[in-house]
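Noted in TrEMBL for the protein shown:
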type: COMPBIAS; residues: 1-12; note: compositional bias 'Polar residues'
type: COMPBIAS; residues: 1112-1135; note: compositional bias 'Low complexity'
type: REGION; residues: 1-21; note: region 'Disordered'
type: REGION; residues: 618-779; note: region 'Disordered'
type: REGION; residues: 1109-1135; note: region 'Disordered'
type: TRANSMEM; residues: 47-68; note: transmembrane segment
type: TRANSMEM; residues: 74-91; note: transmembrane segment
type: TRANSMEM; residues: 103-127; note: transmembrane segment
type: TRANSMEM; residues: 147-168; note: transmembrane segment
type: TRANSMEM; residues: 180-199; note: transmembrane segment
type: TRANSMEM; residues: 215-237; note: transmembrane segment
type: TRANSMEM; residues: 297-316; note: transmembrane segment
type: TRANSMEM; residues: 337-360; note: transmembrane segment
type: TRANSMEM; residues: 380-400; note: transmembrane segment
type: TRANSMEM; residues: 438-460; note: transmembrane segment
type: TRANSMEM; residues: 472-493; note: transmembrane segment
type: TRANSMEM; residues: 513-533; note: transmembrane segment
Amino acid sequence: MPQKQAAATAQQVEEKPDNSNARLVRDSGSIAIATLVSRITGFGKTVLLLTVLGPAIASAFTVSSTIPTMISELLLGAVLTAIVVPTLVRAEKEDADGGAAFVRRLVTAAFTVLATGTVLATALAPVLTRHVFLSDDGKVNTALTTALTYLLLPAVLFYGMSALLMAILNTHGRFKPGAWAPVLNNIVVLVVLGLYALTPGEITLNPVRMSEPKLLLLGVGVTLGVVVQVVSLLPTIRREGIDLRPLWGVDARLKQFAGMGAAIILYVFISQAGLTISTRISSHWDIAGPAIYQNAWALLQLPYGVIGVTLLTAIMPRLSRNAAADDTPAVVDDLGAATRLTMIALMPIVTFFTFAGPQIGQAMYGYGRFGGDAARLGEAVSWSAFTLIPYAMVLIHLRVFYAREQAWTPTWIILGITTVKVVLSVAAPTFVSADHVVIALGVANGFGFLSGAIIGGWLLHRSLGDLRMANVGQTITRVVLASLAGGAVLLIVDKVLGLHRLSDTFGGFGSLVRVGITAIVMFGVAFGLMRLLGIPEIVAITVAISRRLGITPPAPDLDLDGTPLEDIHETTLLPKPDLRAAPYYYRFDPYLDAQTMVLPVIRPDAVELTEKTEFPYPVRQASATARSGVPADSPRGTPDSARTPDGGFRTTSEAGAAVPAPIHRSSTYQGEGGTRVSDDAAGGVPAAESATAAGGGLSTDTPPSGNAGGKSGGPVDSEARPGGAGDDGGPEHLPEDEDHAGPETGVYEAISPQMPPMRVESPSKRIQRGPKLTPGASVAGGRYRLLASHGGARGLRFWQALDVKLDREVALTFVDADQQATDNSGHDGPQAILSRTLRLGRINSPGLARVLDVVRGSSGGIVVAEWTPGRSLKEMADTVPSPIGAARAIRALAAAAEMAHRGGGSLSIDHPDRVRISAAGDAVLAFPGTLSDSDAQSDVRGLGAMLYALITARWPIRIGGLSGSVATVGGLPLADFGPDGTPVEPRTIRPEVPFEISAVAVRSLESNKGVRTAATVQHVLEQASVVDQKTDFIPVLRLGQKPPSAPDETLADPELLAAEKERSQRMMWILVGLGILAALVVGVIIWWLLSVFAPGSSNAPLNEQRNIGLTSSAAPPSSPGASQAPASAPATGGVPVPVTGATVFSPEGTPDNVGSIGSVLDNNPATTWRTDAYFQQFPALKKGVGVLTTLGSPSKLTKVIIESPSPGTQVEIRTSPTASPTLDQTQLIGSAVLGDGTTEIPVRADQPARYVLVWITQLANNGGQFQSSIAEIRFESSI
């Protein structure tokens, strides 16, 4: 019977159509809607909870609801996410019963653990609340928290089972039930809170009775929501035929993850320990502390969940795959991209939250019973908003470590986070007041995550090597500056327009409008500046949006499929805009449907997994094992058709061309243009001028220590040798050592780069064909995207490309692109060419494009150099340039050649396709590549040829026996030759050419004509370029006449110069705008300081001027039970009541002017007590301030007499049961607006009181500042 059931289950799993991708696509829309609805209802639930409950009950509820979620996460949640879910998928695929037995065991074990944990936690509820999360002498009511905890702890079982059932349904392709279940939970809680608000009465806090209807409704109702969440999944479980009957036992799969499970549990425990300590501290000092702390963090999570996670969704799975495959360069690139996206997405939001935090708090939570603390919650958001950045970085780091199966590394990170957080949290009450402790806890949490990001970055640096964050730093700097500029404009607009009146007049709804206006201003300025500063991601978004709206034309059609293979010497012109103006048209646009270039198709089954290195051609490479080969009969083995005779691998394009897989590049130096190779070795032998010592160096792209599947390969071929060398020569053989398959360290000797073993056979058996280089192809592991061909020469191919990572154009010289070289590592081989060219990177000259990088392959490689904007030599020669301008242009190239010759190298100036004329009019060797036959004399000959070609538009050197009028070199026809075999002098073709220039062009072509060095060419051209300048006479100028300008003899490109001038003017306007903005900001700051510290219209001495009143922001609360005392006729016959003492009552912040409070009782109207000077009226900055008096004995007051020189001050008279009350504990017995002089306030007290509070709710307006004074306070009673 069990076998039949298992077979039926397996058949059902196999035949079930819902497992198809089609169903996932159909359900994706519903899942997205459910996620959005869940976030909206969840946020609405939080707002309604605070609005209905108020700060005291909300804090108790927050603590009690946190306990079951923490216990559930500790028991099952984290382990379920990290371990159990992948195991479910494996069990479903591998087990004969489709994983049915594994699911039963898992559900049984999970239910048992959760139920046991629930029972134990419920029994220990008083201990948890009184001794772990709260303190007996704290502000939060422990009795109420304990009562709610009893009612909410059963949710532990349902939280865990809900997560487990969702995971099971997801593995069966059922995603909608799990997406909509939280929505049902939120709806139930919203209904419960609505019923709570409608239920009459209040929860009594002293004593707390479990039988109170509102208490039972709140606790049982919230737990019911979690139960509904679980029950809603059961119908789908039944329809899917998933068997949940108990089955005892532990599956073998779970045992192998015991170590990782322990690490994850320890991680969660450390994290929750930090949260527990923060909750205990906040509840001890602030009655609203837990509610503010938790909801401020939840408010920060809202933009991160909507924006940050959305933008990182595309890159995080790729980062995980690359990390799991030990593809170190790809991981480094993904880290850089993730960091850029994080900063671009979150930095403006962090800035907005920092500047507009109090307004956001009022807009979101400034309603009902929590209105008085909403601004304080917003202030907590403002101070802790910076946490989002390190928090996002920590999550990225953790993803890498878990993917690399370094499960214990995140534990060290969370340990550092929690340690810093706890230390700062414990110290917070020492340095801040009680009302600001919760704000300091948010700051401590931020510094904790900041330390975690630093620790994670350091550990990643140790594991991956150089993280290459230099270019990311430039982007971050621009984003930060743009965000700060937007924040400054926000403050100016808010102050100038007086938007605070919206909050003062309309409360939360007015603050919502205020936040919307300031958000539009701030984000508009910030992202506008990012667009002007050229942030690539922002430009891509704006370009895509403008195309969609029809503002700009669509991306050009490159017509790549129909591009024929032309002569290699002809430049391929692409119908595209100027890349300097909009280089992003040719980049992949992840945000919209912008047209981009298509990568060559690579069949997924043609080769094995790609190794973790970068390659010069768009091919995949076999997975490498550290010093161990992969046997041919491996289950992951490559088909015979994909293997090359030399033991490598190839891909097969649609045209049938097989491309051998190249090897890795060695890289130890991080320069401005990217990575550089560290050695000038040819064929693995270090050159004399190696950049690093043989002792070793740091590499970020060494092959992994094991294959991707985690299986050891076969033995090492004794014939294998690095570099793909042939039978002849080459380095020594690799030893057959299996001990090298250890963990990846990222460190190896620079002279012995590791590489996968390869079989070596005779060169005659090698069948190699070069890759088809076409516009749009991606090379060097996707780092560079080809844009246009610029010809080639002698086995070299010259291409203009886009560096996708650094977002700039580069010049690529493909060495042995056709892979015709038979000896890759010899003196004439491609590797030697790359090594010689690499030395040119030391030369800094206008006549040489700076060498940025060298990418080595198994046969050939790529030289990466800076791109030279301008024109090709042929294009410039066709314009018939000035001979003087041509001489000046070649002079720069001659200077570069002389510098190379002095260093013992050469440039290989041998073909017109190599040379371009820059925007400044200099001839530049734009495509470096030093061949073996190049020397100083050949460069001198090349200089003469370039000068000749630039003047005459003809090539003076016969190449490869070319002759005749139709023969061309680089698009230039051959020159006419005289009887002696020398080309016709340029003066014969163009008589205006100066003799010196014509002579050096011809004599440089022959070694016996007197011009033998590049220095000679440079010197002669310098002299010739000034020979025709007239300096003998100074022309007479009439008044107002401009001197005649000398003719421009340079070859500078006017279009490029105009574009450069336009960019300079645009940058100038940006700087002018930033300067004006800075001036406005400084002006606002000066005005604010003057308004605060200047005496205004007061005649008081400077030492009695007003103090700044910066205290917590809060809106006025609605005092339960307080009612406005009706005005009545003044009572007569009252008995004066003696007053024994007075103190300043300021529950929010430092008391005002404590030293002069005795003036209100000295019977001297000339002495007064003054409040601080405030630049905003109450309750914008605080609820109010008052004087708490102590009567000689309890009295039933009838009248309060106040003498004050501050007319317009509004006061409330309140009685207090204690000498240190909260405002909510006082009772309103009267109110009035003070006049100038004596004001009698009738009051109506129900019972005698000893403590009376004169509470100021509105200050007098004095010259734009707000301050009130009280001279005397007297009381009268009826007895």
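Glycine too: its Cβ is placed from the backbone N, Cα and C atoms.
Listed stretches 47-68, 337-360, 380-400, 438-460, 472-493 were compared with the transmembrane segment (513-533); the greatest number of C-beta pairs under 8 angstroms is found for 472-493. The list of residues near the transmembrane segment (180-199) in space but at least 6 beyond its ends in sequence, with Cβ under 8 angstroms from a Cβ of it, reads 30, 34, 37-38, 41-42, 44-45, 48-49, 52-53, 162, 166, 213-214, 217-218, 221-222, 224-226, 228-230, 232-233. Among the recorded stretches 47-68, 103-127, 215-237, 380-400, the one sharing the largest number of Cβ pairs closer than 8 Å with the transmembrane segment (438-460) is 380-400. Sequence-remote contacts of a segment are chain residues at least 6 beyond its ends whose Cβ falls under 8 Å from one of its Cβ atoms, and for the transmembrane segment (215-237) they are 53, 61, 64-65, 144, 147-148, 150-152, 154-155, 158-159, 161-162, 165-166, 168-169, 174, 177-178, 180-182, 184-186, 188-189, 191-192, 195-196, 199, 203, 208-209, 244. Only residues 6 or more beyond the boundaries of the transmembrane segment (103-127), in the same chain, are considered here, and those with a CB under 8 A from a CB of the stretch are 67-68, 71-72, 75-76, 80, 84, 88, 91, 146, 149-150, 153-154, 156-157, 160-161, 164, 168, 242-251, 254. Long-range contacts of the transmembrane segment (47-68) within the same chain, counting only residues at least 6 positions beyond its ends with a Cβ under 8 Å from a Cβ of the stretch, are 121, 125, 128-129, 133-134, 139-141, 144-146, 148-149, 151-156, 159, 189-190, 193-194, 196-197, 203, 205, 218-219, 222, 275, 279, 283, 287-291, 294-295, 364-365, 367-370, 372-373. Within its own chain, the transmembrane segment (380-400) is flanked in space by residues 292-293, 296-297, 299-300, 303-304, 308, 312, 316, 319-320, 323, 331, 335, 338-339, 342-343, 346-347, 349-351, 353-358, 360-361, 410, 413, 417, 438-439, 442-443, 445-446, 449-450, 452-453, 456-457, 459-460, which lie at least six positions past its ends and keep a Cβ under 8 Å from the stretch. Long-range neighbours of the transmembrane segment (147-168) within the same chain, counting only residues 6 or more positions beyond its ends whose Cβ lies under 8 Å from a Cβ of the stretch, are 60-61, 63-65, 67-69, 71-72, 75-77, 80-81, 84-85, 88, 103, 106-107, 110-111, 113-115, 117-118, 121-122, 125, 128-129, 177-178, 181, 208, 210, 215-216, 218-220, 222-223, 226-227, 229-230, 233-234, 237, 242.
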